[in-house]
Amino acid sequence: MIKNYFKITLRNLWKTKGYSFLNIFGLAVGIAAASLIFLWVEDELSYNKHIPDKENIYTVKSRQVYDGTTHVFGASQGLLAGAIEAEIPGIRHAVRSSWDTSLLFNLGDNNIYQTGRYVDPDFISVFALEFLEGDRQSALSDINNLVITASAAKRMFGNEPALGKQVRIDNDESYTVSGVVKDMPGNTSITFDWLIPFKNFERGKAWLKNWGTNGILTLVQLQPQADLADVNGQLDEFVIRKTNGETTFSRNFLYPMERWRLYDSFDRDGNEQEGRIKYVRLFSIIAWVVLLIACINFMNLATARSEKRAREVGMRKVVGASKRSLISQFLGESVILATVSALLAIGLIYLSVGAFNNLVEKELTIDLFRPAHLMFLAGIVLVCGLISGSYPAFYLSSFNPVTTLKGVKQKSGATVFIRRGLVVLQYAASITLIICTTIIFQQIEHTKGRDMGYDRSQVLTTQLRGTMLEHIDVIKDQLTATGDVERAGLSNMEVLNIHSNTTGISWEGKDPNKQVLIGILHTDADFVSTMGMQLTEGRDFRPRQLGDSSSIVINEAFARLIDPDGKVAGRTVRWGDTPYTVIGVVKDFVYNNVYAPSEPLFFHPFQADRGFINIKTRAGVDLSEAVSRIGQVIRENNPGYPFEYHFLDDTFNSKFKSEMLIQKLAGVFAVLSIIISCLGLFGLAAFTAERRTKEMGIRKVLGASVSSLMKLLNREFVLLVSVACTIAFPVTWWMMGNWLGSYDYRTEIHWQVFAFAGLGAFLIALFTVSSQAIRAALANPTKSLRDE
């Protein structure tokens, strides 16, 4: 029986090979596209799941209220970890960690930068690091110990054992490799190439001994039986007590590792809001929409073609086929078709996963032996197969064989209505994706085009390393002498990543009970001009002028706090107990959050031991040659250090990474959904034209023109697209309005987007359907009417 069903299926596939190809290929593309998105979703949802005690690992955060706005910070005091581990019950380990730090590893003639962390020894226990070489108990016991990952060991020592090897770091101190650990998987929030005892980080940093300064990451592992609410309460009271009540505006709490990746975002009231999880949900919806479009195609074409088999059903009934056997046959055929589509989809996934990985910047793979992946594919096969086979199985099997064999057509208004409804749903989903992609693109471009307050074009940034600061004026002169450089200025942080701030600023007339968070950037006398910033009042710092050491330059947002209406140049502000004179005001510029308004900030004369040199190249120079000459100057003045740089434009564009990922994925899958929809529309148009062949013949005999016949055949599909637009437009307007509402700086939703999307959908539908309409309209009527 099964063998017979299989033969019939193959015969029907070959008999209608054009429709079969459209059916199978359309569903395969949909399954492949959805599967790729679900691989990305699966990877995002799996973050940190491999950490053995993940449910008991936390980081210390604090909610701090400034000027009515609650900010949530992840930095904490250097004294906190050791103190709370000793004094708060329920805490198993509390360890200190620096933020990601890039260090130069000197390996003979091979110098490479690698990223890692300074950590306390218990970091190894908290994250249950797996040692391949060395002893986990003593790996970070000595101040000059160095733990590296297996991949870092491979880069540095090849296949040789790394344990005990000496490594010089930053052309300075030597460290001994005391352990090699297995690499953390890519889906981990905390990654590193190396670990060095935190005691090294402490040297020369007096602020780490100050309860009033936050600057490091504190990681906490609770006892399994610990009560989180109780520990949070004790932690908050403990910090207030240690700071003598000076941090009552700040509330400390533990934030669970299980939420670091997807939920680590907070609103202006300090409440957790959707972080990356909103992208996971959005992409999941896109995947289901694409899959739905493909399944609708499959079902529509399958049910449409099944009507041509009414006589076959009648004949089978006459020769004794039961209703049950007919149902089994049609369901089996449909499942076989869906299985072929799934097999083709697997091939498409393997062919496209590399390009998809480049798009999402991951290393995703499909494993057919993973139960979740097999269940997904099997589920799609069964759902599509059973639903699309249900119509011919239950509807056709109920036909009266006598009337069927006489050629009497069964009336099926409900079926036609459902089929048209599915086409409308399919096109509405495609139009929605097109509009969403366009609005996301407009939002990104709108923000990129805003007045940033500085000129970011052709600004190259490189980190100050080694002895560069000792002869920075010589370096600047030599850079200018190349003819490629217009100006160069120093800053302790990059202009788009200013994360130093203070509440210790006061001025005459300031409300002493009002906490205000002011950003700090240490700059030299050339920074403002290098960045193309505009002074709206006063002057900038002057080169090598000692008097400017007690001066600051502020932005307009800070000036409005001091005096909303008047001039502030010459006014005195106090930073702690030290008075500073405001010598100038720069126009507000955007930093950190490119969607938010400029926040209060001041420039302080450069006194850092590290930082960045920002280099503005001249207009019209060949950038590749200019970078080569700049690199030569840097290397000559800083031997032993590779020249690494990036352009400010690239840093700026990275701020849109999430939005650009949404745009790219939505755009790609919008195109795919249109292609899938067109495949289905093409098949349905061909089927409709075939069903109405005799009608077309009669109309032509009676004098109908080709154009009138085309209008007749196209009218139905144009109407369906119109209904699809009517559904898609308000849904998309509401959905994208909510999405844009999460941005302070946002574009408007323009009606032209909907007009172009609707017009595009109409043109695509007309182009797809017209090829079949023209074919039907030009057909010789004698062929269709010879049997009448």
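Just so it is clear, glycine is given a Cβ too, placed from its N, Cα and C backbone atoms.
Among the features that TrEMBL reports, domain 'MacB-like periplasmic core' is placed at 20-237 (among others). The average pLDDT the prediction assigns to the domain 'MacB-like periplasmic core' (20-237) is 92.
The transmembrane segment annotation in TrEMBL covers 21-41 (among others).
As annotated by TrEMBL, transmembrane segment applies to 282-302 (among others). With a threshold of 8 Å between CB atoms, the same-chain residues lying at least 6 positions outside the transmembrane segment (282-302) that come near it are 19, 22-23, 26-27, 29-31, 33-34, 37-38, 40-41, 334, 337-338, 341, 380, 383-384, 387-389, 391-392, 419, 422-423, 425-426, 429-430, 432-433, 662, 665-666, 669, 672-673, 676-677, 679-680, 683-684, 687.
Marked as domain 'ABC3 transporter permease C-terminal' by TrEMBL: 285-401 (among others).
Annotated transmembrane segment per TrEMBL: 330-353 (among others), in sequence order.
Look at TrEMBL and you will find 373-396 (among others) tagged as transmembrane segment.
According to TrEMBL, the transmembrane segment annotation covers 417-441 (among others).
Under the heading domain 'MacB-like periplasmic core', TrEMBL lists 507-632 (among others).
Summarising the annotation, TrEMBL assigns transmembrane segment to 665-689 (among others).
Taken from TrEMBL, the feature domain 'ABC3 transporter permease C-terminal' covers 668-777 (among others).
A Cβ distance under 8 Å defines the sequence-distant neighbours of the transmembrane segment (717-737), meaning residues of its chain 6+ beyond its ends; these are 420, 423-429, 431-432, 435-436, 439, 681, 685, 749, 754, 757-758, 761-762, 765-766, 769. Per TrEMBL, transmembrane segment is recorded for 717-737 (among others).
The transmembrane segment annotation in TrEMBL covers 749-769 (among others).
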Secondary structure tally of the domain 'MacB-like periplasmic core' (507-632) (DSSP, helix then strand then coil): 26 helix, 41 strand, 59 coil
Interface check, the transmembrane segment (417-441) with the transmembrane segment (21-41), three or more C-beta pairs under 8 A: no
